[in-house]
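Taken from Swiss-Prot as is:
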ACT_SITE  Cys129  active site, nucleophile
BINDING   Ser20, Lys44, Gly45, Asn98, Asn126, Lys165, Ile191, Gly217, Gly243, Gly244, Gly265, Thr266  FMN binding site
BINDING   Lys44, Asn68, Ala69, Ile70, Gly71, Ile72, Asn126, Asn192, Thr193  substrate binding site
Amino acid sequence: MDVSIDFAGLKLKNPILTASGTFGFGLEFQRYGDLESLGGIVVKGLSLKPREGNPMPRIAETPCGMLNAIGIQNPGVEEFINKKLPKLPWKTLPVLANLYATDAEEFGELAGVLAGEEGVAALEVNVSCPNVKEGGIAFGQDPKQITKVAEAVKKNAGNKPIIIKLSPNVTDITVCAKAAEDGGADALSLINTLSGMAVDIERRTPRLANVIGGLSGPAVKPVALRCVYQTVNAVKIPVMGLGGITTAEDAAEFLLVGAKAVQIGTGNFLSPDTAFRIAEELPKVLERVKAESLDEFIGSLKLPK
């Protein structure tokens with residue numbers, strides 16, 4: 001079955017991408033599979049300047065998932081452009097950059113740096129970062145700030161599609177989705193991690209140095225599915241689903257509720273070949289459930305009467 005798809009102007013050979021922060025810059029996973037067998041990769045979050053990230057420990061295993069508080073450790077956008085991007089097969093593999101910033105103006109500046117890079121297919125904007133100018137509340141929890149960030153990035157991004165990555169740590173994710181759409185976003189990706197924590201009762205200490213981290217993995221999949229389903233029915237722009245996908249069947253569930261593409265995140269930590277395996281198995285799963293085509297299957301959920 002042909003599983004190629006157009007996502008917000010991106011020509012994807014299949015709807016399977018990797019999630020930012022779980023696949024490095026792609027180069028680290030080349031030994032486990034053919035990068036060009038994927039629909040695309042989203043590289044780890046990039047900031048204008050290098051970031052060391054949070055102190056250790058940054059990761060804690062939880063039942064059916066994991067908590068992380070990496071703190072967007074990265075070498076900075078210039079290092080990515082000069083040393084990482086040239087090594088990627090970007091002519092045949094869509095490479096999406098994930099943007100991290102502390103205010104809307106900085107997001108716009110970062111988009112401007114990447115706008116002229118032929119090897120970057122699209123910009124994914126992480127609005128789960130704290131807005132330093134507004135008291136530290138995450139952009140993604142304030143619809144007005146989401147619109148402002150989307151506008152700032154869109155203004156400077158040239159012809160690159162803008163994907164706003166939404167946080168589930170809100171009362172109504174559809175309000176945030178509409179805010180991103182109003183700001184000119186070409187697409188959405190969701191969900192980012194759920195806010196959580198873990199403690200050690202023997203030491204009486206948090207298991208993360210940052211105390212609070214982001215929960216991901218199979219535990220969050222029902223929440224992610226609900227968020228994608230609600231969002232698809234609230235906006236006109238396409239949605240990329242992520243959250244707890246570890247099998248081709250999981251990926252198909254997100255497509256069924258209306259996502260046009262999906263991202264594999266924590267599954268890459270469980271087994272480094274996860275994304276490659278899902279990309280290979282998805283056509284077989286769609287054929288097994290008697291889908292006429294990928295387009296026919298997307299959003300074909302039958303609701304109770």
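Glycine is treated like the rest: Cβ placed from N, Cα and C.
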Under DSSP, is Gly45 (FMN binding site) helix, strand or coil?
coil
Substrate binding residues Lys44, Asn68, Ala69, Ile70, Gly71, Ile72, Asn126, Asn192, Thr193: largest Cα-Cα distance, in Å and rounded to whole number:
16
Among Ser20, Lys44, Gly45, Asn98, Asn126, Lys165, Ile191, Gly217, Gly243, Gly244, Gly265, Thr266, which the record lists as binding FMN, the farthest-apart pair of C-alpha atoms sits at a distance in angstrom of 20
Look at each of the binding-site residues, Gly45, Gly71, Gly243, Gly265, and point out the one with the fewest other Cβ atoms around it within 10 Å.
Gly71
For Thr193 (substrate binding site), what residues in its own chain, 6 or more apart in sequence, show a Cβ-Cβ distance under 8 Å?
Asn68, Ser128, Pro168, Gly213, Gly214, Leu215, Ser216, Val220
For a quick check of understanding: among the recorded positions Cys129, Ile191, which residue's Cβ has the most other Cβ atoms within 10 Å?
Ile191
I need the CA-to-CA distance for Lys44 (substrate binding site) versus Ser20 (FMN binding site), whole Å please.
5
Between the Cα atoms of Gly243 (FMN binding site) and Gly71 (substrate binding site), what distance do you get, rounded to the nearest Å?
19
Within 8 Å of the Cβ centroid of the substrate site residues Lys44, Asn68, Ala69, Ile70, Gly71, Ile72, Asn126, Asn192, Thr193, which other residues of the same chain have their Cβ?
Gly21, Gly45, Ser128, Gly214
Ile191 (FMN binding site) versus Cys129 (active site, nucleophile) - Cα distance in angstrom
14
Whole-Å Cα distance, Gly45 (FMN binding site) to Gly71 (substrate binding site), is 10
Fewest other C-beta atoms within 10 angstroms, as judged across Ser20, Ala69, which are the binding-site residues:
Ala69
Mind giving me a neighbour count for Asn126 (FMN binding site)? Other Cβ atoms within 10 Å of its Cβ, every protein chain shown.
26
